[in-house]
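Asks: Right, I'll just put the structure down here and ask away after.
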Amino acid sequence: MSSSAQLPRRCWVEIDLAALERNLKLIRASLPPRIKYVAVVKADAYGHGLPQVAARLMHAGADLFGVANIAEAMTIRELSTDWPVLLLSPVLPDEDRYLAEFDLAATVSSPDEVRRFDAIGRAAGRPIAVHLKIDTGMGRLGVWHPGARALYDAIIAAPGLHLAGVFTHFSSADEDPAFTAEQRRIFLATLATLPGLSDRNILIHADNSAGLETTPGESVFNAVRVGLLQFGILPHPHSLLARTRTEPVFSFHTRVGLVKTLPSGTSISYGRTQHLTRDSRIAVLTAGYGDGLARASSGQASVLISGRRCAVLGRITMDQTMVDVTDVPGEVACGDAVVLVGRQGQAEISISEFSAWADTIAWETLCSVTKRVPRHYRTALET
Ligand SMILES: Cc1ncc(COP(=O)(O)O)c(C=O)c1O
């Protein structure tokens, strides 16, 4: 019996791992050599597939992986027993023991975490690596900056802990350079209050993809945490990082399931939100919100067929989406290829554009492609 993996494709994602490798190398080349590369691969590597992405990033030379939870960390451990892994989200009390079992670094924001992780390190007879997080204006994890000194002292005094890093996170690096500069200033001023910090061999990091643009090159920073950019997506359209020319790793595809002609005036799809204003050829695509085409983008979105943009008509439904192919030259036929995100001939739909149609961001779009959509991996490096 055939397995579902062998079935013809009707809605799928292509992941170009060779582009991912090139992207990491380009980003690295644009940074000073001393800067360590923390590859942020949480949420199934932004929907690209954690085991495949992490394996390729190991090959490409990522120094450390940032993940959200223990399950993601375990996936990395299945690939490597000792590649450094940092948990970027809080650890729950009943998860503490896995820090020792899988040799994971934890983010520390509170005295309670110091106490818990210290106990685990002592019991294991091997200190737990921790990164002290300082909240400089994100209002999420981290100790609020005036409390950093006390927490730092508590970590240094804890025999079950090993301070491996100090970091902060920018809340608006892609939209508010002035606030980002203020966060950076607060972080640097707070670091200056931590005694003996410069004698410690630790990672000091703040920048995510968008933060990289505002890095003024202070010598104190020696690591960056890169998520979106390594997947070839710029945090915003006018990004200075456009000069690094990273390439999209992700593309999203479906096919034509039916083509038919309908008379002017016919309403299309649920709720009758759109009526044809001319006699039209419409194509019914074999993908809908059950695959990750946001219903909110109904009335906004387009797709590529035969290298032409075709507007989505009416509401996107669970498994099918109607598009206008009246102006596509030549025959559009059942089975034809449709690009939802990516290139077809000279035409392109970027993930940022696709996301904007649904009033969302690329990060969320990547996490919204559903389980039933197979990921196909391109692995070869072009020569
Ligand atoms: C703490 C932290 N660092 C770094 C990143 C990577 O951000 P980006 O995808 O913008 O590079 C994230 C992503 O959400 C994050 O939460």
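Just so you know, glycine gets a Cβ as well, placed from its N, Cα and C.
Below are the features I grabbed from TrEMBL:
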- Lys42: N6-(pyridoxal phosphate)lysine (MOD_RES)
- Lys42: active site, proton acceptor (ACT_SITE)
- Arg140, Met318: substrate binding site (BINDING)
- 249-378: domain 'Alanine racemase C-terminal' (DOMAIN)
- Tyr270: active site, proton acceptor (ACT_SITE)
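Distances, neighbours, how buried they are, the whole picture for these features please.
Replies: Of all Cβ atoms in the protein chains displayed, 18 besides its own lie within 10 Å of the Cβ of Lys42 (N6-(pyridoxal phosphate)lysine).
Lys42 (N6-(pyridoxal phosphate)lysine) falls within a helical segment according to DSSP.
Same-chain residues at least 6 positions away in sequence with a Cβ under 8 Å from that of Met318 (substrate binding site) are, in sequence order, Gly288, Tyr289, Gly290. Classification of Met318 (substrate binding site) by DSSP places it in coil, neither helical nor stranded.
Sequence-distant contacts (6 or more apart, same chain, Cβ under 8 Å) of Tyr270 (active site, proton acceptor) comprise Gly314, Arg315, Thr317.
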Asks: Which recorded positions, if any, among Lys42, Arg140, Tyr270, Met318 have a Cβ under 6 Å from ligand 1, given in order along the chain?
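Replies: Correct list: empty, so none.
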Asks: Would you kindly give the Cα-Cα distance separating Lys42 (N6-(pyridoxal phosphate)lysine) and Arg140 (substrate binding site), rounded to the nearest Å?
Replies: 17
Asks: Return the count of C-beta atoms lying within 10 angstroms of the C-beta of Arg140 (substrate binding site), excluding that atom itself.
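Replies: So the Cβ neighbour count for Arg140 (substrate binding site) comes to 11.
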